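Participant: Here's the feature list from TrEMBL:
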| type | residues | note |
| --- | --- | --- |
| DOMAIN | C:17-146 | domain 'Exoribonuclease phosphorolytic' |
| BINDING | C:Arg92, C:Gly130, C:Thr131, C:Arg132 | phosphate binding site |
| DOMAIN | C:164-230 | domain 'Exoribonuclease phosphorolytic' |
There are 6 protein chains.
Amino acid sequence: MSNSSFSRVSGRAFDGLRPVYIQRSYTAYAEGSVLIQIGNTHVLCNASVLEKVPPFLKDTGKGWVTAEYGMLPRATHSRMDREAAKGKQSGRTQEIQRLIGRSLRAVVDLEKLGARTIHIDCDVIQADGGTRCASITGAWIALADAIQQLIAKGILTENPIKDNVAAISVGIVNGQTVLDLDYVEDSACDADMNIVMTGAEQFVEIQGTAEGQTFARQELDQLLQLAQKGISELIQLQNQSRTE
Amino acid sequence: MSNSSFSRVSGRAFDGLRPVYIQRSYTAYAEGSVLIQIGNTHVLCNASVLEKVPPFLKDTGKGWVTAEYGMLPRATHSRMDREAAKGKQSGRTQEIQRLIGRSLRAVVDLEKLGARTIHIDCDVIQADGGTRCASITGAWIALADAIQQLIAKGILTENPIKDNVAAISVGIVNGQTVLDLDYVEDSACDADMNIVMTGAEQFVEIQGTAEGQTFARQELDQLLQLAQKGISELIQLQNQSRTE
Amino acid sequence: MSNSSFSRVSGRAFDGLRPVYIQRSYTAYAEGSVLIQIGNTHVLCNASVLEKVPPFLKDTGKGWVTAEYGMLPRATHSRMDREAAKGKQSGRTQEIQRLIGRSLRAVVDLEKLGARTIHIDCDVIQADGGTRCASITGAWIALADAIQQLIAKGILTENPIKDNVAAISVGIVNGQTVLDLDYVEDSACDADMNIVMTGAEQFVEIQGTAEGQTFARQELDQLLQLAQKGISELIQLQNQSRTE
Amino acid sequence: MSNSSFSRVSGRAFDGLRPVYIQRSYTAYAEGSVLIQIGNTHVLCNASVLEKVPPFLKDTGKGWVTAEYGMLPRATHSRMDREAAKGKQSGRTQEIQRLIGRSLRAVVDLEKLGARTIHIDCDVIQADGGTRCASITGAWIALADAIQQLIAKGILTENPIKDNVAAISVGIVNGQTVLDLDYVEDSACDADMNIVMTGAEQFVEIQGTAEGQTFARQELDQLLQLAQKGISELIQLQNQSRTE
Amino acid sequence: MSNSSFSRVSGRAFDGLRPVYIQRSYTAYAEGSVLIQIGNTHVLCNASVLEKVPPFLKDTGKGWVTAEYGMLPRATHSRMDREAAKGKQSGRTQEIQRLIGRSLRAVVDLEKLGARTIHIDCDVIQADGGTRCASITGAWIALADAIQQLIAKGILTENPIKDNVAAISVGIVNGQTVLDLDYVEDSACDADMNIVMTGAEQFVEIQGTAEGQTFARQELDQLLQLAQKGISELIQLQNQSRTE
Amino acid sequence: MSNSSFSRVSGRAFDGLRPVYIQRSYTAYAEGSVLIQIGNTHVLCNASVLEKVPPFLKDTGKGWVTAEYGMLPRATHSRMDREAAKGKQSGRTQEIQRLIGRSLRAVVDLEKLGARTIHIDCDVIQADGGTRCASITGAWIALADAIQQLIAKGILTENPIKDNVAAISVGIVNGQTVLDLDYVEDSACDADMNIVMTGAEQFVEIQGTAEGQTFARQELDQLLQLAQKGISELIQLQNQSRTE
């Protein structure tokens with residue numbers, strides 16, 4: 001597991017992120033609208049403020065944050081069927097949108113948000129691996145922008161956002177632990193994890209899968225280390241983008 | 001119906017198009033990928049070449065051109081439900097994607113295309129009226145780019161595209177006939193038509209609807225005149241974009 | 001485009017309608033119930049008065065007119081799958097029922113109708129081309145009968161119907177413009193239009209499609225002329241049937 | 001249970017059928033097409049010959065007889081939702097169409113039918129109770145007509161139909177056993193049965209339901225007696241209609 | 001039809017039930033929970049008390065008893081598709097669960113039950129013929145246990161259950177009438193019936209089907225006789241199980 | 001995080017499993033059939049051998065292992081809607097069944113399995129937390145039994161199973177890390193993880209979620225330690241059960 005002779009197709013270091021580009025106010029109508037590009041993975045994250053809450057929160061005074069995820073049919077190398085045409089969302093889509101929602105709620109004080117929902121739509125325009133992580137990282141910015149607007153309008157007086165949240169993938173490729181897998185690495189990967197962490201370096205979600213090749217405790221420790229580094233960089237980029 | 005005292009909110013002349021901006025190769029993987037912006041209406045048109053044909057064309061040697069249409073949930077002023085989550089495409093969506101497919105097929109020689117399908121996905125990123133017309137106009141460019149690639153690769157020797165095709169809306173707003181309605185005009189509109197025409201100024205589709213206020217033959221003639229002018233300009237822009 | 005040597009399989013003149021037969025009170029329970037037969041195309045149009053309105057009209061005092069369309073599985077030469085068994089209505093079905101609803105609403109004053117819905121079911125018993133046009137023409141009579149009943153019962157004091165509405169198809173077959181296409185003509189047709197007009201000869205809907213062979217402005221003018229003639233005859237038949 | 005003081009709203013005797021009217025060749029395209037009217041219950045039964053069999057009969061040389069059932073939305077006193085619009089057939093609809101199919105197959109030699117399917121569509125135009133029984137009785141005639149056509153064309157040499165089959169409802173209304181319940185009787189009914197029998201007075205299906213009021217063995221015997229009388233009359237009418 | 005030389009694969013007499021084993025309180029949470037085993041047919045019947053009624057009973061003060069039926073995918077010799085995965089319940093499933101509900105309601109005074117629903121879930125763990133009959137027989141015990149709990153809690157003061165109800169299948173196998181068919185007999189069966197009766201020997205439901213071989217009145221009488229014997233034994237077992 | 005004053009409602013030690021009871025050959029037909037009870041959580045795991053593979057493995061000679069998961073409607077304290085009746089599986093159900101399938105495949109050599117599928121159905125009879133972990137642990141035994149049968153029949157000569165696999169939940173409840181959460185603990189839980197490991201103490205899946213309260217790296221380490229202990233005990237029980 002020494003890195004001496006190791007090289008990635010992309011030329012990146014084993015612990016290097018792909019170039020990240022964040023564009024706020026990408027569309028005109030959403031209260032928060034962020035196009036996040038991590039390498040060739042491009043996701044549009046639109047945050048909508050809805051003045052209603054789901055039934056289970058009725059009359060509690062608490063708000064909600066939720067997400068939906070979709071992929072344009074030709075976001076990928078070969079065209080996939082359109083989920084709206086098939087008449088249902090795949091298990092994978094539902095898994096991802098549930099993950100995004102949970103990750104965001106972990107850093108929001110739902111009492112302070114009040115009886116409203118922030119609904120984040122994450123739509124993948126182009127996919128080269130890591131779309132769920134890019135969605136979470138971009139969605140947090142869209143969420144923060146939407147909340148900022150509620151504060152600017154005087155609808156909220158206190159900011160319900162408690163911390164940043166961002167996500168990155170790590171994995172073991174040809175026996176080497178690497179950060180931020182692209183599609184080719186992901187496909188060849190023995191084991192991979194998606195890690196979601198806060199600005200305070202607390203874990204929010206850990207999803208590790210080793211269908212191809214199980215991994216030992218020591219490898220897990222290395223992967224967690226890498227993820228921590230990557231997420232710390234992403235959170236810096238989130239904050240930079242919001243001060244521009 | 002004199003134009004002396006007439007003014008549009010946008011400041012446009014009654015026969016003026018909104019600014020049109022066309023970006024080719026917008027995404028990396030589709031054989032043709034066009035982002036078309038007509039004012040605040042932005043549609044991504046991705047053309048995929050699929051080496052198969054629908055069942056009814058099996059063993060005929062003929063090819064097919066078809067389209068699917070979707071709108072991102074927050075493309076509009078207020079968020080709409082995601083069709084994939086609802087589990088079905090609306091009647092409006094199906095109507096539009098059938099229209100796009102027919103319009104493109106009217107200018108393609110399916111025999112020359114050979115036993116393959118060009119599948120165009122039109123996804124509306126932002127909507128301010130006229131999304132079906134922008135889809136058709138952009139889809140033709142994506143189609144032409146995908147075909148060009150087949151020719152460049154030597155898969156096709158003859159170009160199956162017989163002519164350009166483009167589309168524009170016209171309508172009667174406050175008694176005045178106008179070209180290229182935006183969302184506000186469309187909502188206030190007494191009657192509106194979507195016209196699809198070829199480079200040779202032949203009609204492909206005419207869809208006129210006058211739920212609010214029926215219209216006389218003379219008004220129809222004026223609307224057709226306006227559409228002809230608008231489409232002729234759009235076709236010039238299509239051709240310019242492909243030589244850049 | 002001279003008619004000297006022209007002949008239709010049916011023996012009809014190029015501008016001749018098929019025989020029209022209208023039977024009112026066809027079923028016992030519907031407030032308006034009309035079987036319309038245009039040649040071999042037979043459509044049962046049942047109008048139901050429902051004392052409720054769709055959600056978007058709640059508390060406005062306005063009423064609604066809407067339609068649903070269906071085809072019995074063996075209305076056609078070969079059996080089609082039953083939409084209820086397939087679990088969804090086709091895009092074509094939805095397109096047609098939306099068209100019927102819009103056409104009828106164009107001649108009804110929804111304020112005067114009051115907070116109720118007239119729901120028209122158009123079910124095709126036998127199909128030989130032109131089912132959507134026959135549906136509109138028959139549905140208007142069923143609508144008028146249902147309204148008449150509301151007036152007779154003293155529920156309405158003023159008639160909300162502003163004018164007749166009827167529809168007919170026209171097309172170019174072997175280079176010749178013809179009125180009221182049957183199935184064989186429709187299949188062989190280069191271009192066809194469905195035109196919906198009022199008694200005052202105002203246009204309500206124009207739907208022209210030229211997938212096979214695009215058409216020039218001059219041909220369009222001829223088609224509109226033919227449609228105007230046909231619709232004028234249909235409206236006379238509507239009125240006759242209601243005085244019998 | 002003496003009949004001295006008994007009277008039915010319709011004036012019928014306790015063992016009297018409603019007037020039956022059978023019209024063959026009702027539509028132009030189906031191989032067998034029968035409109036059967038039993039009182040105010042009107043069902044259109046169309047038999048289609050399909051030159052294919054369901055998967056489980058592949059390569060067996062045997063044929064199949066199956067049925068689908070539907071009700072026009074305004075066949076009843078108040079409008080019901082359209083099953084195609086709701087996106088599924090109700091449990092009741094599925095129960096009925098399975099019953100019709102089984103009843104018909106009981107009198108057909110599927111080996112002699114050969115590798116083809118007779119698909120019967122029973123669509124209720126107007127409903128006043130007993131629609132499933134009218135469907136079976138009418139469907140048999142449509143089936144026989146379709147088979148006759150196969151024999152006339154020389155496709156079949158032997159008639160695969162072994163016997164007639166017909167169906168009728170019986171029930172206990174206000175303590176009195178009656179034949180052929182109309183909708184009002186059916187609603188007020190304590191217990192009712194649908195009986196399907198052959199020309200040889202053999203039972204095919206017995207479906208008795210006593211949700212309101214259970215019944216004793218002696219009452220069951222009376223009900224079976226009544227049904228036998230009614231079915232014998234219906235089979236006579238079936239045979240008459242086919243010789244006209 | 002003499003029984004001299006007759007023998008069943010199982011060695012049972014022609015009028016013998018399979019061994020019946022009833023286990024109450026099978027699961028911990030349901031208000032009534034019964035595992036009923038009739039030979040190799042094992043059904044878990046869980047009764048849930050829901051303090052709500054279906055819409056059509058709103059504000060009537062009456063309660064409701066209803067049932068749902070399911071089969072584990074590998075309850076049978078070869079695996080069947082899971083209905084939840086297919087996205088719909090089969091016609092057979094719906095038919096059976098409607099039957100169970102009707103059978104139970106026939107012996108419950110819905111006024112006395114009050115404005116609540118007893119919802120019975122019958123899930124087949126293992127299937128060897130007769131699952132619908134075992135479901136009804138077991139469901140009655142689960143229902144009685146749930147009601148008993150309502151009485152014990154003082155929620156009900158009077159028992160709304162009017163009588164026992166149980167069900168059994170009978171059929172004609174190789175010309176011999178037999179009681180309680182297992183899967184092998186059911187498959188080879190010429191004609192079979194499911195009979196539902198009360199403790200007072202009143203009929204609740206009779207469902208006879210003779211797709212393979214129709215049957216005469218005399219055979220019907222024998223089948224009814226057999227069923228009466230079987231149900232009388234089952235009801236004794238129901239009562240025994242509840243006193244243990 | 002000292003354990004001195006800590007106590008669980010169940011009286012268990014913070015690192016104690018609930019009582020585990022495993023019953024093999026629970027149903028008669030499945031090739032492997034295991035009822036696993038972990039405390040009050042009871043799951044029936046049936047393994048079916050299907051002599052076919054999914055389309056993407058066609059002609060590769062490789063086999064497949066997959067799983068489906070369901071919960072009986074009254075497995076829980078209050079009744080849940082039946083997924084088959086709702087017409088779709090929830091996101092949660094799909095997430096779980098995908099997890100079970102991946103976990104099992106991680107320890108199976110699909111080449112050695114040959115062109116067949118082992119399909120495991122995990123149906124929850126009673127649920128008290130940890131159903132997905134119990135499903136994985138029980139499914140492995142059912143899988144092993146089904147494979148054993150293939151070996152016994154001489155269909156397989158080499159055992160494709162490479163190792164055991166089992167799963168357990170861990171979490172932080174009131175600031176204390178605990179093993180094997182029951183429903184009450186799970187509901188009150190700040191953060192919980194499901195860990196899947198092999199007999200060789202390799203990780204297969206890690207799913208940690210901290211919607212309520214994020215957790216630090218040190219806590220993660222404690223949780224992983226606990227899981228390792230629990231899984232090691234479960235694997236011992238798996239092996240014991242298979243030698244009985």
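Counting starts with 1 at the first residue shown.
Quick reminder: no glycine exception, Cβ is built from N, Cα and C everywhere.
TrEMBL: automatically predicted annotations, no manual curation.
Tell me what's around each of these sites.
Facilitator: Counted with DSSP, the domain 'Exoribonuclease phosphorolytic' (C:17-146) comes out as 42 helix, 41 strand, 47 coil.
Packing around C:Arg92 (phosphate binding site) is summarised by its Cβ count: 14 other Cβ atoms lie within 10 angstroms of its Cβ, all protein chains included.
Across the domain 'Exoribonuclease phosphorolytic' (C:164-230), the prediction's mean pLDDT works out to 93.
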Participant: Relative to the mean position of the Cβ atoms of C:Arg92, C:Gly130, C:Thr131, C:Arg132, the recorded phosphate site, which additional same-chain residues have Cβ within 8 Å?
Facilitator: C:Tyr69, C:Ile96, C:Val124, C:Ala127, C:Gly129, C:Cys133, C:Ala134, C:Ser135, C:Asn194
Participant: Can you check which residues sit near C:Arg132 (phosphate binding site), meaning Cβ under 8 Å from its Cβ, same chain, 6 or more apart in sequence, and list them in order?
Facilitator: C:Tyr69, C:Ile96, C:Leu99, C:Ile100, C:Ala167, C:Asn194
Participant: Near C:Gly130 (phosphate binding site), which residues of its chain come within a Cβ-Cβ distance under 8 Å, counting only those 6 or more away in sequence?
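Facilitator: For C:Gly130 (phosphate binding site), the qualifying residues are C:Ile38, C:Thr41, C:Ile168, C:Ser169, C:Asp180, C:Leu181, C:Asp182, C:Asp186.
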Participant: Would you measure the largest Cα separation among C:Arg92, C:Gly130, C:Thr131, C:Arg132 for the phosphate site and round it to whole Å?
Facilitator: 13
Participant: Relative to the Cβ of C:Thr131 (phosphate binding site), which residues of the same chain, six or more apart in sequence, are found under 8 Å away?
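Facilitator: Listed in sequence order, they are C:Thr41, C:Val43, C:Met71, C:Ile96, C:Val124.
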